[in-house]
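> I grabbed these lines from Swiss-Prot:
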type	residues	note
BINDING	His101, Asp124, Asp128, Asp232	Mn(2+) 1 binding site
BINDING	Asp124, His126, Asp232, Asp234	Mn(2+) 2 binding site
BINDING	His126, Thr127, Asp128, Ile129, Asn130, Thr137, Gly138, Asn139, Asp183, Thr246, Glu277	substrate binding site
MOD_RES	Ser7	phosphoserine
MOD_RES	Lys17	N6-succinyllysine
MOD_RES	Ser72	phosphoserine
MOD_RES	Lys75	N6-succinyllysine
MOD_RES	Ser163	phosphoserine
MOD_RES	Ser217	phosphoserine
REGION	1-27	region 'Disordered'
Amino acid sequence: MSFKSQSIGIIGAPFSKGQPRGGVEEGPTALRKAGLLEKLKEQECDVKDYGDLCFADVPNDTPFQIVKNPRSVGKANQQLADVVAEIKKNGRTSLVLGGDHSMAIGSISGHARVHPDLCVIWVDAHTDINTPLTTTTGNLHGQPVSFLLKELKEKIPEVPGLSWVTPCLSAKDIVYIGLRDVDPAEHYILKTLGIKYFSMIEVDKLGIGKVMEEAFSYLLGRKKRPIHLSFDVDGLDPFFTPATGTPVHGGLSYREGIYITEEIYKTGLLSGLDIMEVNPSLGKTPEEVTRTVNTAVALVLACFGVAREGNHKPIDYLKPPK
């Protein structure tokens, strides 16, 4: 594979209040400790580290109906959106280290401020498209897409802390891969809006190669545009990423996950990346934590050109002997 260096802006989003399980705020630290930045630099990437966001406690963050921590989630996402927009204005690919998946609201909103024509590939066991009125858990990490879709604008009530969010995606701008745990209301939304998805049924039937071909044809067929990849590590089977909050059996294999990211790299269009829901507290053993973190790191590296076939710099390695 040919070698092209890229400039990346990394921002940690150590946030956990979009869901009930502590520990996911440790995700960014775990990914950094695993040498992610050094490995990207080895790949000749120009890496600028924007550090980790600090999230102040929001007092009196009472539920909105059953939606939990709405002001905390809203404020954290506003902070993240501002930094992602800055990274994009500087011409870098944004890399968000989560943190729970509610932070995709800020990541994609900030990205869309600078590249309003972006499209989204969402790799996840779940659609995360419940609205504040359809959610059965009240956890905002199961709702980010509903806040981002223009077609759902009229279905979203005024949630305290989230009134700043302006929907920036149309239903035709997103493709899901890896779905296998979809609520009835979410399935209704997918079908009613005609959202393109490849559940594990389609992955099994078509194979991951055809899935990626069809996803690119659907999103990029008419016009090449920036890709935002939002990757929840629970998209992979829990064998590969056990340390995560909502694991679902029968997921993507390690190889399928890496293939997705390799193919996105090859388009040359990756403009924003989220790697979400790594929760070091939820590994049953230290090895499970290491396995999850190392898998997440490998997914990120493949997005930036680390290829299983190998690669090389554009130099002549076969100079004749002197």
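In case you wondered, yes, glycine gets a Cβ from its N, Cα and C as well.
These figures come from a predicted structure and were not determined experimentally.
Tell me what's around each of these sites.
For the recorded site, His101 (Mn(2+) 1 binding site), the DSSP three-state label reads helix. The Cβ of His101 (Mn(2+) 1 binding site) lies under 8 Å from the Cβ of Gly18, Asp124, Asp128, His141, Pro144, Ser230, Asp232, Asp274, Met276, Glu277, each on the same chain and at least six residues away in sequence.
Sequence-distant contacts (6 or more apart, same chain, Cβ under 8 Å) of His126 (Mn(2+) 2 binding site) comprise Gly142, Leu179, Asp181, Val182, Glu186, Asp232, Asp234, Thr246, Val248.
When other Cβ atoms within 10 Å of the Cβ of Asn130 (substrate binding site) are tallied across all protein chains shown, the result is 25.
In the three-state DSSP classification, Ser7 (phosphoserine) falls within a strand. The Cβ of Ser7 (phosphoserine) lies under 8 Å from the Cβ of Cys45, Asp46, Val47, Lys48, Gly91, Arg92, Thr93, each of these being in the same chain and 6 or more residues away along the sequence.
Lys17 (N6-succinyllysine): 24 other CB atoms within 10 A of its CB, across all protein chains.
Sequence-distant contacts of Ser72 (phosphoserine), defined by Cβ-Cβ distance under 8 angstroms and a gap of at least six in the same chain, are Lys17, Phe55, Asp57, Val58, Asp61, Gly161. In the three-state DSSP classification, Ser72 (phosphoserine) falls within a helix.
Sequence-distant neighbours of Ser163 (phosphoserine) (same chain, 6+ apart, CB under 8 A from its CB) are Gly74.
Remark: Ser217 (phosphoserine) has no non-local neighbours by Cβ distance under 8 Å and separation of at least 6 in sequence. DSSP classifies Ser217 (phosphoserine) as helix under the three-state reduction.
Residue counts for the region 'Disordered' (1-27) under DSSP, helix first, then strand, then coil, are 4 helix, 7 strand, 16 coil.
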> Which bits of the chain, at least 6 residues beyond where the region 'Disordered' (1-27) starts or stops, bring a Cβ under 8 A of a Cβ in it?
36-37, 40, 43-53, 55, 68-69, 72-73, 76, 80, 83-84, 86-87, 90-103, 106-107, 139-142, 144, 245-246, 266, 268, 276-282, 304-305, 307, 309-314
> So which one is it: of the binding-site residues Asp124, Asp128, Asp183, Asp234, Glu277, which has the fewest other Cβ atoms within 10 Å?
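Each of the binding-site residues Asp124, Asp128, Asp183, Asp234, Glu277 was scored; lowest Cβ tally within 10 Å is Asp183.
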> Can you list, in sequence order, the residues of the same chain other than His101, Asp124, Asp128, Asp232 whose CB lies within 8 Å of the CB centroid of the Mn(2+) 1 site?
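Surrounding the site, in chain order, are Ala104, Trp122, Ala125, His126, Thr127, His141, Pro144, Ser230, Asp234, Gly235, Met276, Glu277.
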> C-alpha of Asp183 (substrate binding site) to C-alpha of Lys75 (N6-succinyllysine): distance in Å?
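Each residue's Cα considered, Asp183 (substrate binding site) and Lys75 (N6-succinyllysine) end up 27 Å apart.
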